[in-house]
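*Asks:* Sharing a structure, written as structure tokens. Questions coming.
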Amino acid sequence: MSIQIEHPAGGYKKLFETVEELSTPLTAHVTGRIPLWLTGSLLRCGPGLFEVGSEPFYHLFDGQALLHKFDFKEGHVTYYRRFIRTDAYVRAMTEKRIVITEFGTCAFPDPCKNIFSRFFSYFRGVEITDNALVNIYPVGEDYYACTETNFITKINPETLETIKQVDLCNYVSVNGATAHPHIESDGTVYNIGNCFGKNFTVAYNIIKIPPLKADKEDPINKSEVVVQFPCSDRFKPSYVHSFGLTPNYIVFVETPVKINLFKFLSSWSLWGANYMDCFESNESMGVWLHVADKKRRKYFNNKYRTSPFNLFHHINTYEDNGFLIVDLCCWKGFEFVYNYLYLANLRENWEEVKRNAMKAPQPEVRRYVLPLTIDKADTGRNLVTLPHTTATAILCSDETIWLEPEVLFSGPRQAFEFPQINYQKCGGKPYTYAYGLGLNHFVPDKLCKLNVKTKEIWMWQEPDSYPSEPIFVSQPDALEEDDGVVLSVVVSPGAGQKPAYLLVLNAKDLSEIARAEVETNIPVTFHGLFKKP
């Protein structure tokens with residue numbers, strides 16, 4: 001990918017520092033020239049509070065949700081941020097302690113209560129966090145910040161004010177939903193979450209939220225389950241972070257990283273476990289891929305199997321002459337990558353960060369090709385007949401289809417992650433370019449563009465600079481897929497630099513067009529979107 005940059009100064013630690021929200025927007029200092037057509041807001045989510053009083057959060061996905069906004073107008077940029085007033089945040093601020101258990105941090109009963117009150121408080125049921133630090137997405141004319149539980153939080157994208165909490169369980173049968181829904185051109189929202197199916201077994205439901213209609217009724221009120229995927233283990237659902245969608249098909253990748261529901265319901269309530277304590281790996285299952293017909297709402301019984309990997313982000317999925325092309329950011333093996341994302345590990349000195357990353361699963365960008373039509377007469381043969389891929393699908397005697405991928409990118413401890421594409425033009429359709437955040441031993445230190453057809457790579461990188469997920473914004477008169485810009489929030493703690501800036505790159509070659517510097521640190525952000533006026 002590039003000559004590997006070292007980080008002995010440990011500037012990446014600034015990504016994990018608590019900051020205060022802003023009372024008014026800051027005017028950014030622009031160098032270069034922001035395209036005049038770039039008008040709107042870059043909205044992003046991430047943790048901004050890494051401790052409450054003397055109580056620290058322990059995992060990358062624990063800090064309290066901070067909502068960020070960069071406004072673009074006539075070549076000028078302003079920056080604003082506010083904490084999302086979730087129940088988790090408001091109660092923590094009120095009681096000056098961690099009140100609701102987060103991903104890797106346990107909340108314990110109020111020490112001021114007597115022993116009987118503290119004991120009985122364990123039996124009120126599992127209290128699920130609403131800490132919406134992962135992503136933002138539109139539903140109708142509204143915007144919601146989300147994590148991966150059943151709670152989403154409606155926010156005002158102009159003022160960043162928190163409007164209300166919404167419990168998806170009140171509308172559809174899911175225990176939670178991913179932070180990576182698919183949004184169709186008409187505004188229809190698709191998402192996936194696990195649920196309890198027939199005979200108290202676990203399954204995965206695809207939920208659909210329709211677009212806003214003329215009656216202006218909240219589309220969430222009309223949410224429905226459109227198809228259900230079975231679970232390989234009746235009591236242990238897999239961790240699901242994203243899924244694939246095309247105009248006609250839904251693809252769900254079931255990995256060996258499992259949630260032990262017995263541990264979740266018992267140990268959590270009685271002994272103070274957290275989400276991370278409830279994960280375990282099934283070392284023998286490998287990966288199961290599932291497909292459903294989106295329009296007919298029907299599950300296919302094709303048994304796609306492959307070797308084990310972790311999966312967080314789908315890049316894109318599309319149909320090609322009777323096959324589904326599924327491009328994924330994989331991590332080899334069955335061990336859970338999140339085991340390596342505790343803040344203590346991420347804040348270590350550079351040599352220790354590298355040592356920890358060497359123990360973790362190896363990242364790789366892969367393309368899997370799934371044949372949709374299976375003929376038993378083809379047992380033992382490669383069913384993939386497409387000329388432009390080396391991926392294979394072998395029909396086995398037990399009627400499983402064993403998949404081997406084509407590797408699109410692989411580098412030692414160098415990940416292409418947090419992928420983005422020209423989603424409006426190419427989501428669920430054939431495409432050429434993907435943009436990603438380059439992780440160097442888990443440290444984000446480069447931005448990348450990948451040609452998925454030729455495997456050519458372009459890159460932006462500077463010393464002591466730590467970018468975020470790249471967001472592609474198409475220019476109004478675009479003719480080609482990569483006509484536009486890429487936006488990324490960069491933390492820059494090096495000598496002689498401003499604390500942070502918004503970077504604007506030419507999407508063609510990742511050359512710098514402009515940057516908008518601000519006089520404040522910006523902690524790590526995970527995902528977001530560009531909202532046009």
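Cβ atoms here come from the backbone N, Cα and C positions, even for glycine.
Heads up, here are the entries from Swiss-Prot:
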{"type": "MOD_RES", "residues": "Ser2", "note": "N-acetylserine"}
{"type": "MOD_RES", "residues": "Thr101", "note": "phosphothreonine"}
{"type": "MOD_RES", "residues": "Thr105", "note": "phosphothreonine"}
{"type": "LIPID", "residues": "Cys112", "note": "S-palmitoyl cysteine"}
{"type": "MOD_RES", "residues": "Lys113", "note": "N6-acetyllysine"}
{"type": "MOD_RES", "residues": "Ser117", "note": "phosphoserine"}
{"type": "BINDING", "residues": "His180, His241, His313, His527", "note": "Fe cation binding site"}
{"type": "LIPID", "residues": "Cys231", "note": "S-palmitoyl cysteine"}
{"type": "LIPID", "residues": "Cys329", "note": "S-palmitoyl cysteine"}
{"type": "LIPID", "residues": "Cys330", "note": "S-palmitoyl cysteine"}
*Asks:* Look up His527 (Fe cation binding site) in the DSSP assignment and reduce it to helix, strand or coil.
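*Replies:* In three-state terms, His527 (Fe cation binding site) counts as strand.
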*Asks:* Compared by Cα position, which of the binding-site residues His180, His241, His313, His527 is the closest one to Thr101 (phosphothreonine)?
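*Replies:* Given the candidates His180, His241, His313, His527, the nearest one is His241.
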*Asks:* With DSSP assignments reduced to helix, strand and coil, which class does His313 (Fe cation binding site) get?
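*Replies:* Assignment for His313 (Fe cation binding site) reads strand.
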*Asks:* Rank aside, I only need the closest one: which of the recorded positions Thr105, Cys231, Cys329, Cys330 has its C-alpha nearest to that of His313 (Fe cation binding site)?
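*Replies:* So, spelling it out, the nearest of the recorded positions is Cys329.
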*Asks:* Looking at the recorded positions Thr105, Cys231, His241, His527, whose Cα is closest in space to that of Cys329 (S-palmitoyl cysteine)?
*Replies:* His241
*Asks:* Around Cys329 (S-palmitoyl cysteine), how many other CB atoms lie within 10 A of its CB?
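*Replies:* The Cβ of Cys329 (S-palmitoyl cysteine) has 25 Cβ neighbours within 10 Å.
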*Asks:* Using the CB centroid of His180, His241, His313, His527 as the Fe cation site centre, which other residues of the same chain sit with their CB within 8 A?
*Replies:* Val134, Asn135, Thr178, Ala179, Ser242, Phe312, His314, Phe418
*Asks:* According to DSSP, does Thr105 (phosphothreonine) fall in a helix, a strand, or coil?
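*Replies:* Assignment for Thr105 (phosphothreonine) reads coil.
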*Asks:* Between His241 (Fe cation binding site) and Thr105 (phosphothreonine), find the distance joining the two CA atoms and give it rounded to the nearest Å.
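*Replies:* Taking the Cα atoms only, His241 (Fe cation binding site) lies 20 Å from Thr105 (phosphothreonine).
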*Asks:* At the level of the C-alpha atoms, what whole-angstrom distance separates His527 (Fe cation binding site) and Cys330 (S-palmitoyl cysteine)?
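*Replies:* Counting only the Cα atoms, the answer is 18 Å.
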*Asks:* Might you list, by sequence position, any residue in that chain lying six or more from His180 (Fe cation binding site) with a Cβ less than 8 Å away from its Cβ?
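*Replies:* Listed in sequence order: Asn135, Asn191, His241, Ser242, Phe243, His313, His314, His527.
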*Asks:* Cβ-Cβ under 8 Å from Cys330 (S-palmitoyl cysteine), same chain, 6 or more residues apart: which ones?
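*Replies:* For Cys330 (S-palmitoyl cysteine), the qualifying residues are Phe309, Asn310, Leu311, Pro363, Glu364, Val365, Arg366, Pro405.
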*Asks:* Could you tell me which three-state DSSP class Cys330 (S-palmitoyl cysteine) falls into?
*Replies:* strand
*Asks:* Check the binding-site residues His241, His313, His527 for other C-beta atoms within 10 angstroms of each C-beta and report the one with the most.
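*Replies:* The residue with the most neighbouring Cβ atoms within 10 Å is His527.
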